[in-house]
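Down below is the structure, laid out as structure tokens.
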Amino acid sequence: MAQFKFLNEINSFIAMDGELAKGPVPRWQRKLNLSGASSSFNSSTLGNTSARGMLSVSQSGNANNTLQLSTTGVSLKTPRKNSGKGPTASSVKKSSQTPGKGGTNGQAQPGAGGDRFIPSRTATDFDLGHYIVQQSATGSDENGENENTNGQTALSPKQSERIRSLSEAMRGCDISSKPLLSYRVKPERPPEGHVNPMKAMYSVKTPMSAKSGSRYIPNAPERILDAPEIMNDYYLNLMDWSTDNVIAVALGSSVYLWNAATGTIEMLFENEGNDHACSLSWIHEGHILAVGTNAGTVELWDCENIKRLRVMNGHSARVGVLAWNSYVLCSGSRDGTIVNHDVRTRQHNIGVLEGHTQEVCGLKWSPDGKYLASGGNDNLVHVWSAANGSPHAVGEPLHVFNQHQAAIRALAWCPWQPNVLASGGGTADRTIKFWNVANGQLMNSVDTKSQVCGLLFSKTYKELISAHGYVNNQLSIWKYPSMTKQVDLMGHTGRVLQIAMSPDGSTVMSAGADETLRLWNCFTPDPLLAKKEKLAVREKPSLLKQSMR
């Protein structure tokens, strides 16, 4: 019996038909458990391993009682990843195709769309969408849809009436066959008067000052000069800036010259008694200064030699404004007349323009010398045409503009549009108006909320600067032609009487009733833009350099 017990122990020890209760887990089984394979895949794998082979012990009936070992199965080898029979997991994975891609070598079918919808806000009309959604929401609870025998939707009478009224509201648009929202073709506009209450959420514009493309404008003046005893009179023009960079200003009974380049100050002359200068104007090229007096005369001064050249009569009242056009000097007076003076000849008076009924306080020639604009205390703007081949105006006014409600002292011509004239009204008007003198039409009108004392167009930018009085006494810079305000230059405690521009167009000087002169660097050219323009202009290659080898 002992030998049978020994055989049973050997048989149980070497039997392979059951799971191993002790010992480490095989490497191939551990890898399968860690990989997180499916249960079906694990069960099939374990089934294959159990059937792979078994070793049994049997006792033969021969005389020697020998043991015979028999093996059943295919192989006793440990399973591997790659086997010679059947496709592996990696080969199956490589042969699978990506979802959404056709069988034509991974290329999308021509008629298929993308995998997600991306709307375009630029092609979407939110007003129309909001209107349609509101209209459909009001009748969605009442209206139902029934399908007829042909598979088409049958509309109830109430829903048909709603669609008909909606089509009429959409100007005859067929709502049933046209999409409500279109991202490729822009739909029709909503009916007039419909307002989307959520439109403000998407239509807020970024201020010009916050945009990266807007330029920097200093808010503080570069320099402040004292101007004691400057006359606070809206109708006088007591300052001018020459092409030689010299500023002439009338202070009380004296006229002073300030060289902006060197900073030197020189007194030109001083009147005796109650006489004083009422207007100053430099000739376009040279050092000749015209001075209008309260006695009705016009004086010409040589500022280089500090010498008075001549005195010209022609008015019966003070001369409050002057304007040069080549060798012709036009003077406007309180008597309502404009006199053309030819400064070359002894008989200087070559023509008188009569059109204003009150004092002439604004006078400007156009850049091309074809038109003369005059503004008066009679709330009228006159445009005079120059004589053929002559730099002076004659005859009746070409246009008379009467839309202003106060005196017009501020006049400015557009440098890049010679036919455009800007005019500013006084306290009762407070507007800047733009006129097309070619056809006499009003182009635009802007309410500035304060008295307009001066206007200047920039030579560097397409902008306009205006000088104002009560309430803020500010200088305002506007984009032209949109007339979007760029900035307000504050500092004067009294109204700005006059403004003048430097020869290079970068600086503006303002004369205020607070007896100060302030210089503003508001039109300084962009250094980056100037550098680009400089690089764009290339030197013409020399013929000598081209021939040299």
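Each residue, glycine too, has its Cβ placed from N, Cα and C.
Whatever TrEMBL says is automated annotation, not expert-curated.
The region 'Disordered' annotation in TrEMBL covers 52-121 (among others).
Marked as compositional bias 'Polar residues' by TrEMBL: 56-75 (among others).
Under the heading compositional bias 'Polar residues', TrEMBL lists 88-99 (among others).
The region 'Disordered' annotation in TrEMBL covers 137-160 (among others).
Feature annotation from TrEMBL assigns compositional bias 'Low complexity' to 138-153.
Positions annotated as domain 'CDC20/Fizzy WD40' by TrEMBL: 225-520.
Across all of the repeat 'WD' (353-394), the predicted model scores a mean pLDDT of 92. As annotated by TrEMBL, repeat 'WD' applies to 353-394 (among others).
Here TrEMBL flags 489-521 (among others) as repeat 'WD'.
Assigned with DSSP, the residues of the repeat 'WD' (353-394) fall into helix, strand and coil as follows: 0 helix, 21 strand, 21 coil. When Cβ-Cβ distances below 8 Å are used as the criterion, the repeat 'WD' (489-521) is approached by residues 217-230, 232-234, 236-245, 247, 249, 260, 451, 453-454, 456, 458-460, 465, 467-470, 472-477 of the same chain, each at least six residues removed from its ends.
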